[in-house]
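Student: So Swiss-Prot says this about it:
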type     : residues                                                                             : note
ACT_SITE : His178                                                                               : active site, proton acceptor
BINDING  : Val16, Asp37, Lys42, Tyr68, Gly82, Leu83, Ala121, Thr122, Asn123, Ser146             : NAD(+) binding site
BINDING  : Gln85, Arg91, Asn123, Pro124, Val125, Asp126, Asp151, Ser152, Ala153, Arg154, Thr232 : substrate binding site
BINDING  : Arg156, His171                                                                       : beta-D-fructose 1,6-bisphosphate binding site
MOD_RES  : Tyr223                                                                               : phosphotyrosine
Amino acid sequence: MKKGINRVVLVGTGAVGCSYAYCMINQAVAEEFVLVDVNEAKAEGEAMDLSHAVPFAPAPTRVWKGSYEDCKDADLVVITAGLPQKPGETRLDLVEKNAKIFKQIVRSIMDSGFDGIFLIATNPVDILTYVTWKESGLPKERVIGSGTTLDSARFRYMLGEYFNIGPHNIHAYIIGEHGDTELPVWSHVSVGIQKLQTLLEKDNTYNQEDLDKIFINVRDAAYHIIERKGATYYGIGMSLLRVTKAILNDENSVLTVSAYLEGQYGQKDVYIGVPAVLNRGGVREILEVELSEDEELKFDHSVQVLKETMAPVL
């Protein structure tokens with residue numbers, strides 16, 4: 001790794017990977033950006049196309065089609081490779097197929113001498129982040145999944161639409177599995193400086209029934225998009241960009257990534273979406289918010305589903 005030069009390697013040049021790559025070049029987040037794919041011609045074509053966007057970016061990025069050997073000097077390796085979710089298929093349905101692919105990818109990356117941070121986006125992301133941690137042997141804080149960052153963004157966007165407040169001023173988190181058992185932390189939602197419960201009590205224009213419908217739309221958003229256009233990629237591309245910036249810029253920002261629990265929230269030995277502080281070292285710490293009794297039960301259920309699903313592939 002050259003001094004002052006950030007290198008990011010992207011493994012997987014499908015729709016998600018390329019959406020992320022475009023975001024990275026557009027905002028000039030890293031000085032070096034490497035694309036790796038089993039389809040080398042695709043990776044080369046994407047690198048060529050992206051490099052032609054560099055003159056319009058705020059700062060130069062060197063982009064090229066590389067190999068796993070390029071991971072040796074990488075600060076961050078982002079994996080989006082794997083089989084995509086099909087219409088009617090849950091993220092957990094993908095587990096056995098993508099776990100096998102992942103084990104091979106991670107071994108190849110580690111054989112290069114890689115000693116940076118992993119960021120995983122392939123579904124089921126919580127389980128594949130765990131697989132990456134196990135296969136890599138890296139410290140838990142340097143293996144991170146995209147978790148519920150996108151779900152939390154969808155949540156804030158839809159709540160913002162409902163309350164007619166910009167999403168940057170909606171403070172709300174989705175935690176748990178990135179999938180069907182995720183849950184909203186209603187007890188800690190605030191709109192601007194007002195707690196959600198206070199707002200509901202003050203203004204009968206708003207009600208919990210509407211809010212519950214909003215969460216269902218958040219949870220099922222991927223299904224709705226896949227039914228209409230076949231895949232989701234812009235939202236997750238921006239989510240990965242946000243996590244990347246938090247890490248490379250040493251921001252100490254709080255994002256709901258998939259992080260390893262060892263006692264937090266009463267759970268152990270699982271990667272799952274929780275609020276975590278991210279900086280140049282990866283996950284600095286996991287923030288434990290006090291959950292309501294109902295939220296605690298739902299979170300425990302989410303953990304249980306993940307553990308049962310990943311048992312056969314470990």
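Cβ coordinates are placed from backbone N, Cα and C, and glycine is handled just like the others.
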Student: Using DSSP and collapsing to three states, where does His171 (beta-D-fructose 1,6-bisphosphate binding site) fall: helix, strand or coil?
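Tutor: His171 (beta-D-fructose 1,6-bisphosphate binding site) sits in a strand per DSSP.
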Student: Counting distance between Cα atoms, which of the binding-site residues Val16, Asp151, Ala153, Arg156, His171 is nearest the residue listed as 'active site, proton acceptor'?
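Tutor: Sorting the binding-site residues by distance from the residue listed as 'active site, proton acceptor', the top entry is Asp151.
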Student: How long is the line from the C-alpha of Val125 (substrate binding site) to the C-alpha of Gly82 (NAD(+) binding site), rounded to the nearest angstrom?
Tutor: 11
Student: Please state how far apart, in Å and to a whole number, the two most distant Cα atoms are among Val16, Asp37, Lys42, Tyr68, Gly82, Leu83, Ala121, Thr122, Asn123, Ser146, the recorded NAD(+)-binding residues.
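Tutor: It comes out at 24 Å between the most distant Cα atoms.
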Student: Taking only same-chain residues 6+ apart in sequence, whose CB is under 8 Å from that of Lys42 (NAD(+) binding site), what do you get?
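Tutor: Counting only residues 6 or more apart in sequence, the Cβ neighbours of Lys42 (NAD(+) binding site) under 8 Å are Thr13.
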Student: Among all the protein chains here, how many other CB atoms are within 10 A of the CB of Val16 (NAD(+) binding site)?
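Tutor: The Cβ of Val16 (NAD(+) binding site) has 28 Cβ neighbours within 10 Å.
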Student: Determine, using Cα-Cα distances only, which of these recorded positions is closest to Gly82 (NAD(+) binding site): Ala153, Arg156, Tyr223, Thr232.
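Tutor: In terms of Cα distance, Gly82 (NAD(+) binding site) lies closest to Thr232.
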Student: With an 8 Å cut-off on Cβ-Cβ distance and a minimum sequence separation of at least 6, pull the same-chain contacts of His171 (beta-D-fructose 1,6-bisphosphate binding site), or say none.
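Tutor: Within the chain, His171 (beta-D-fructose 1,6-bisphosphate binding site) has Cβ neighbours under 8 Å at Arg156, His188, Val189, Ser190, Val191.
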Student: My understanding is the cutoff is Cβ-Cβ under 8 Å with a sequence separation of 6 or more in the same chain; which residues meet that for Ala121 (NAD(+) binding site)?
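Tutor: Counting only residues 6 or more apart in sequence, the Cβ neighbours of Ala121 (NAD(+) binding site) under 8 Å are Val16, Tyr20, Val78, Ile79, Thr80, Gly145, Ser146, Ile236, Leu240.
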